Every structure is written in structure tokens, then in C-alpha cells.
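Going by TrEMBL, these are the annotated features:
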{"type": "SIGNAL", "residues": "1-30", "note": "signal peptide"}
{"type": "ACT_SITE", "residues": "Asp126", "note": "active site"}
{"type": "ACT_SITE", "residues": "Glu187", "note": "active site, proton acceptor"}
{"type": "DOMAIN", "residues": "223-320", "note": "domain 'Peptidase M20 dimerisation'"}
Amino acid sequence: MLRPVRFPLHFSLACIAACTLALSAVTAPAAPVDRIHDLAQQEKAPLLDTLRDLVNIESGSKDAEGLAGLAALIGERLTRLGGKVEIIEPADIYRMGDTPPKPGAMVNAEFKGTGSKKIMLIAHMDTVYLRGMLKDQPFRIDGERAYGLAIADDKQGVALILHAVAMLQTLKFADYGTLTVLINGDEEISSPGSRSTITRMAGEQDAVFSYESGGEDGRLRLATSGIGAAYLTVDGKASHAGSAPDKGVNALVELSHQVLQLSDLSQRDQGLTLNWTVAQAGTNRNVIPAQASAQADARALRVSDFTQLEATLRQRVQTRRIPDAKVQLRFEMRRPPLEATPASRRLAAHGSAIYEELGLPLKVFDVASGGGTDAAFAALKTTAPVIEGFGLSGYGAHSNDAEYVKLETIVPRLYLSVRMIMDVAQDKVK
């Protein structure tokens, strides 16, 4: 039979004290979590002030003056936070039909730490709005919503990044190798001047967080649709439609043939679609048209689908109805798709666990929906996790009279950003 072992009282008290210290060591991380939450609450009012400043500078994608002014403001704020700031002018420009001669510059800031992990935060400062529209939707707070031109897309993302970095500075946290901030000025026109820079910089990171809005429900997105465009141009020869039609080369007839033979390339079960949406031809009823053109909208869930689609288009246009017609095809991958990966799913699950600390649910979508974002360019040449939707919850993007963000999401989103940066830096994501 086992006999109970009795220890002296002083020995028992010592054991209790030792166990208490051990348990305290295990539960110690709860204290800094509380401090992070407190800091996030303190940062809410300053963030709203920043948001007002950002909204009050009109910065349409083709508004060079507005973009330059906003870049200067953001750069100055990042410099004050201790970052090494550089204004990057676009050099390697992917030209599309609507690309301006000089796309907006990028604001890049790098914060050096004492660790090894490299983390990147991205957002954009350009908008879809024209100069002068701010007067119809100035910054204002109404209850639990803040309204303003481009406040959801994407001035809130810029503000969140600035104040998440400010919180890290207050916490004196620098366990990362580098923390990189990149704010571009041409996202709304498919990032022609910044896409290559985003892809290059993101390829050097261990994690990339993109600060587009999380939508009304605050979801994180691991996948987004890719956006492409196909352009057909047919050159023929004009002639009198009544007296000499045979002497002409009818560009409209050839265009019609091309559109018909290129109209069955969608694979909807695979998420690939191609739809011809715009066509133009002719100048007069009695003239055989010498020029004709058409445009198509393309969507895909995989980069490889766009590659195959372009190859098929180029092959098919070689088959002509009118041999003398000249047919040209241009294909643009305006924005690649973002594809979910095991690494992004794992990191997003970690984010959900962090949100649970606040008693809040965090939806994670790994199936593509909605428009494309710069997160897809970030993911093009990296196996590191790229997550979209770190921004505030909101609604009304591209709406000039109803765009807003939800104020109750400021504290949770700041908390999420800072905790995720800290946990990636300290290799706590398993």
C-alpha cells in the first residue's frame, strides 16, 4: 500500500510559491495584450484626426497636385515615426488604355528592428474622384460612422497603418527585421506604375498585410478575382457602300466574325469568363467601314488561366473571314487574381484567434469575390502569406455621397494589426 508522504510546512509553502511564479510566467503575455488594447483605445481619437486630414486632400488617380501633397503629408508622418522615407517615382510602367503619362508616386518607409522577420504593410492614397467633389462629401462624423470622400477606399487604410506603427513605437517594439510601409498613388487605375515595385518588395517579405476595407462585415480575404481586358482592332478599307462595296474591306464584318469566334472561351465552372462588352464601327451609313474595334472584360481565379486565355485569343484571331483585313489583339492583365495558400490560411486563422481575445468573430474568405486589389501583385512572386482586408469595416466605395467607415472597428483593427505584426516578428504563428 502506498503511504502518503508528509513534507514540512516551510517546504510546502516554498513549493506553492515556486508554482505560483511558474504559472505567472506562463500567463505573463496577458499583460502586454491589455496594454495593446489600452493603446488602441487611446489611438482612436488621433486616428480620426488623421483620417480627417487625409480626406481633406483630394487625390484622384490623375490629380498630380493632390497626390503630391498627400504623399508629402504621409511621408512627413512616417519620418516623424522614425522611418527611413523615400518618395519613389514610377519607372517601370505597365501601360494600358487609361494609363496617364505619369502615374502617381509611392511613399516608402522602412523601419529597422533587431529581429529577422520582414513584414510589409500596403495601402493606396489615390481615389476615383475628380477634384472639386470633396465639397459634396466632406469629412463628418454621424453617430458610429465617419463619412468622407474616399474614406473607405482607401484613406482609412493609410490612417490605420500610420497609427499601428505609432503604437509599435510607443510599445518600443522592434523585434522584426524590417517593417516596410508602401503607399501607392495609382491603385484605382490598376497600379500601372507601382505594380512591379509592389511585387519586387513583397517578394522579400515574410508576410504582407493589405489595408483595403474589410467590407461591412470586416472580413479578411485570401483570394480575389483577377481582372483582364481584351481589345480587338480591325483595319479595312473604306469604299462607297452603294456603288463600289466590293472595292472596300469591311472592318465591321471582320470584327463581327472575330467576336463570334471568340465568344465561347468562358469556363464558368473554373471561374474564367470573357464577355465582349463594347464595339464601335463606321462613320456613315453609305460608307464601308474602314475601322472597327471591340473590348471584352475578362475575369479569372488563377494567373495561369489568363496566360492560357491570351494564348487562345492570339491563336484564333489568325483565322479571318476577310483575308485583306488587318486584325490586332491587345490583352491586358489589369490585375492578377490573388490565390489562397496554406500559409495565408494559417496566418488568417491566427488573426481569428487574436480577434477572439476581444470577444469578436473574424470572417475569413478564401474564395475569390469582388474586385481585385494590390494584394494580388504582392503575391505574384512570393510564397509568403499575403492577406487582404486589414482595413476598417465600411461601405460605399466609389460612391460620391455615401462612403463611410464604422468607428467601432477602429480599436479592434488597430489591435489586430499590432498583434499580428508582433506575433509574426516573434515567430509565434504556427
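Any Cβ shown, glycine's included, is placed from N, Cα and C.
Its Cβ taken as reference, Glu187 (active site, proton acceptor) is surrounded by 29 other Cβ atoms within 10 Å in the chains shown. Within the same chain, residues at least six positions away from Asp126 (active site) with a Cβ under 8 Å of its Cβ are Ser59, Gly60, Ser61, Leu67, Gly104, Asn184, Gly185, Asp186, Glu187, Glu188, Ile189. Per DSSP, the secondary structure of the domain 'Peptidase M20 dimerisation' (223-320) breaks down as 31 helix, 38 strand, 29 coil. Confidence over the domain 'Peptidase M20 dimerisation' (223-320), given as mean pLDDT on the 0 to 100 scale, stands at 97.
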